[in-house]
Amino acid sequence: MLKLFSAFRKNKIWDFNGGIHPPEMKTQSNGTPLRQVPLAQRFVIPLKQHIGAEGELCVSVGDKVLRGQPLTRGRGKMLPVHAPTSGTVTAIAPHSTAHPSALAELSVIIDADGEDCWIPRDGWADYRTRSREELIERIHQFGVAGLGGAGFPTGVKLQGGGDKIETLIINAAECEPYITADDRLMQDCAAQVVEGIRILAHILQPREILIGIEDNKPQAISMLRAVLADSNDISLRVIPTKYPSGGAKQLTYILTGKQVPHGGRSSDIGVLMQNVGTAYAVKRAVIDGEPITERVVTLTGEAIARPGNVWARLGTPVRHLLNDAGFCPSADQMVIMGGPLMGFTLPWLDVPVVKITNCLLAPSANELGEPQEEQSCIRCSACADACPADLLPQQLYWFSKGQQHDKATTHNIADCIECGACAWVCPSNIPLVQYFRQEKAEIAAIRQEEKRAAEAKARFEARQARLEREKAARLERHKSAAVQPAAKDKDAIAAALARVKEKQAQATQPIVIKAGERPDNSAIIAAREARKAQARAKQAELQQTNDAATVADPRKTAVEAAIARAKARKLEQQQANAEPEQQVDPRKAAVEAAIARAKARKLEQQQANAEPEEQVDPRKAAVEAAIARAKARKLEQQQANAEPEQQVDPRKAAVEAAIARAKARKREQQPANAEPEEQVDPRKAAVEAAIARAKARKLEQQQANAVPEEQVDPRKAAVAAAIARAQAKKAAQQKVVNED
């Protein structure tokens, strides 16, 4: 009973929710054996044909390459690509690739030489003697990737599994309509496929190995059973035909009954899955020593005259393959890379075949029907019933259309396998898969931007922390430098402290002076004299330095004298040519004269009432008289040059002249009656008289040269003459006094 139950358990399969049964259309291409395609003239090899970053170029334009020669270096998750044939690298430039967006990617363009020469191949027939790491590294460097459609690097996938893998699943379901590449590969190369499975099992050491294949491939099932007849370590499980039973999560559940958690991987539950084509590529890489340079591609559709499966070199233009199969395009011909549900339409036929290309479908106009116009969602829930991932496609559609990224993420849009079952059953002809692809791309872009922002923030915070640490260290250094003086400063401080202590000690000592003795201050006096001598020497040195710095250059002195003379001449010319900007107002002059008379009367009263304690100094009186004469001459000139706006009163002028004569006589009498204590210097008096005569002559010349604009007032002339007579009389008296 237990054996029967174990056998039942061993062969048990599970069924997943949802799924559809579209027309298979596989008989068009699975009836003919694999065949080779003639080499194309030009090959375009994109550097990135897998999930992850592109490798580093190791060839340049003009290089000769052989088939299997690496074009890039694979480091980390970067997978290298290899030359599909021998030839010459003619260009390394962007080129449109096999992608729904048809964006250009960096590619190596090779012109084939037709010889198709291989690099030296080193196969490991005894791979069981190799370590796990060596096998994984060889698989990675030979460019093996998942050929089922994902394109994930096989070496990285094997390395990530580690020792946790208990079940190795080989996906041979190939559930999508039209595609028969794996079916034909298993029919023609079953032994090589099984050998590749054994290499994977040797690396992973799983507890069980399962091959899942749909029951619509009877020839492939027969070939595998024949190869596995003597093997007990590999189990072949035939499953019902249902789309998409070939999905990784769906096939895992069908064969093991285990579900991959949301956001997780199959390795989390101890399962690792590889494709049939990947197993065959592993065999060729390890045992034959051949990098992946070709793969099986299905050429099908009613627009192709000879449908079938071919060995297509990577980098071969799609146009070359279709033309070799008898392509008969219509007016609006469509070519799909992949199947009708998960594939995408090519914008043109010059894109190259890559590692994930498994089918080229060229349907006729009647084969797929006319494209239907998209209509509004009626919420019929047919898409939810057909979804194999147990999602709500109608809700995801609304979230994607409304740019509600958070809600779309909450409803597990990342679990969508883009199988197209929802779009197939939609009565409104809504291309749901396109909406979901766009939404996932936008979410990925947002997360990438958030990641960049987080990295930038981390870098900024690290920089700020570094600056704060440097600032704290700098302040600490400054603080330490301020607290701890330098060596020479320490010596100076110690010397100063020693002097202070010595003085304090001397101050505390009692001074004892014996009777009859004087204190000996010779040392102090000598020190004082030394300081004085030092100060004098320093002063003399400073004086010499200043004298040396201020020695006049003869040329410089001459230049300065010339400049002084020029300035003097310029000043004389300005004074001679200057025209009075403002005329003297007679009324203002009269007011000033009245003020002067009042001050003179006040001074006379003070002198009359005062008792002279001291005699008047004749020299001081002479100076005051000279100042008075100068002021009088200045006033006369201003009055002579002024244009009288109003007539002067004759009586007032006569009064002013009389007052002036009285003041002059009084001042002449004071020096005459004074007893001089000291004799006036005759030479000084002569000089003053000469200066007065020179000024008088100058005044006469100015008056003679002046152009009288108006007639001179006779009364004013009389006043001026009286003043001149008084001045002359005073000068004569002064001369007599000097002679006595």
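Positions of Cβ are set from backbone N, Cα and C atoms, glycine also.
Segment annotation: Swiss-Prot labels region 'Disordered' over residues 571-590 (candidates 11-30, 251-270, 571-590).
Swiss-Prot annotates CYS416, CYS419, CYS422 as [4Fe-4S] cluster 2-binding residues; of CYS380, CYS387, the candidate listed for that same site is CYS387.
CYS426 is the residue from CYS328, CYS426 that Swiss-Prot records in the [4Fe-4S] cluster 1 site together with CYS377, CYS380, CYS383.
Of all the binding-site residues listed here (CYS377, CYS380, CYS426), CYS426 has the Cα closest to the Cα of CYS387 ([4Fe-4S] cluster 2 binding site).
Using Cα positions, the member of the binding-site residues CYS416, CYS419, CYS422 nearest to CYS380 ([4Fe-4S] cluster 1 binding site) is identified as CYS422. All protein chains included, CYS377 ([4Fe-4S] cluster 1 binding site) registers 17 other Cβ atoms within 10 Å of its own Cβ. The distance from the Cα of CYS422 ([4Fe-4S] cluster 2 binding site) to the Cα of CYS377 ([4Fe-4S] cluster 1 binding site) comes to 12 Å.
Of all the binding-site residues listed here (CYS377, CYS383, CYS426), CYS383 has the Cα closest to the Cα of CYS416 ([4Fe-4S] cluster 2 binding site). A coil conformation is recorded for CYS426 ([4Fe-4S] cluster 1 binding site) in the three-state DSSP classification, outside any helix or strand.
Per-residue pLDDT, averaged across the domain '4Fe-4S ferredoxin-type 2' (407-436), gives 92. Those same-chain residues not listed among CYS377, CYS380, CYS383, CYS426 yet with C-beta within 8 angstroms of the centroid of the [4Fe-4S] cluster 1 site C-beta atoms are ILE378, ARG379, SER381, ALA382, PRO393, GLN394, TYR397, CYS422, VAL425, PRO427, SER428, ILE430, LEU432.
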